[in-house]
Amino acid sequence: METLRLILLFVHVLGFAALIGGLLAQAGEASKRVNSAMRDGAGTAVVAGVALAGVLSAGDQDPDTTKIAVKLLIGVVILALVMANLRTEISQRLWLTILLLSIANVAVAIFWSPAHHWV
Ligand code: HEM
């Protein structure tokens, strides 16, 4: 179970990195769009996140339900915004919204009762 949790966390963080990387790679560009890194990253982060929450619940480290619900809500909104705008140019405002939502989900993961501790 611990190995599965670590593998899912690893995949989850790779998804998050692809999403943020795909967003930041366009930071200086006048014309922005949903690139494949953002699409695949958002999908990977949400699917692995849900699985991770499931594994944590099944094990002995019950995750904070409210935290998971907030993460799921933010994740689903990100995924919906990404999937709804796949083949079109997106506004600076939408790009910034997706970036801020992504950063918000990292903040929730790190600061809101983390399931694992470093110290
Ligand atoms: C695109 C949206 C998301 C981003 C950017 C994101 C980002 C992250 C990051 C960076 C971590 C690592 C934090 C750490 O090392 O402690 C993390 C952990 C985690 N995420 Fe996500 N996440 C997203 C969506 C989700 C969703 C939808 C769920 C579940 C419904 C979820 C559940 C979790 C869980 C259970 C952990 C481990 C928490 C812990 O160890 O305290 N995430 N997330």
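Just so you know, glycine gets a Cβ as well, placed from its N, Cα and C.
Beyond its flanks by at least six residues, the transmembrane segment (6-25) meets 35-49, 51-52, 55, 78, 95, 98-99, 102-103, 105-106 of its own chain at Cβ-Cβ distances under 8 Å. Annotation comment: TrEMBL describes 6-25 (among others) as transmembrane segment.
Annotation comment: TrEMBL describes 37-56 (among others) as transmembrane segment.
If you look up TrEMBL, you'll see 68-86 (among others) marked as transmembrane segment.
Residues or ranges marked as transmembrane segment in TrEMBL: 93-112 (among others).
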Next item on the list: Report, as numbers and ranges, every residue of the chain located at least six residues beyond the transmembrane segment (68-86) whose Cβ falls under 8 Å of a Cβ in that stretch; write 'none' if there are none.
Entry: 19, 33-34, 38-39, 42-43, 45-46, 49-50, 53, 94, 97-98, 101-102, 104-105, 108-109, 112
Next item on the list: For the transmembrane segment (93-112), could you work out the same-chain residues 6 or more beyond its ends whose Cβ comes under 8 Å from its Cβ atoms?
Entry: 16, 19-20, 23-24, 26, 32, 38, 45, 64, 67, 70-71, 74-75, 77-78, 81-82, 85
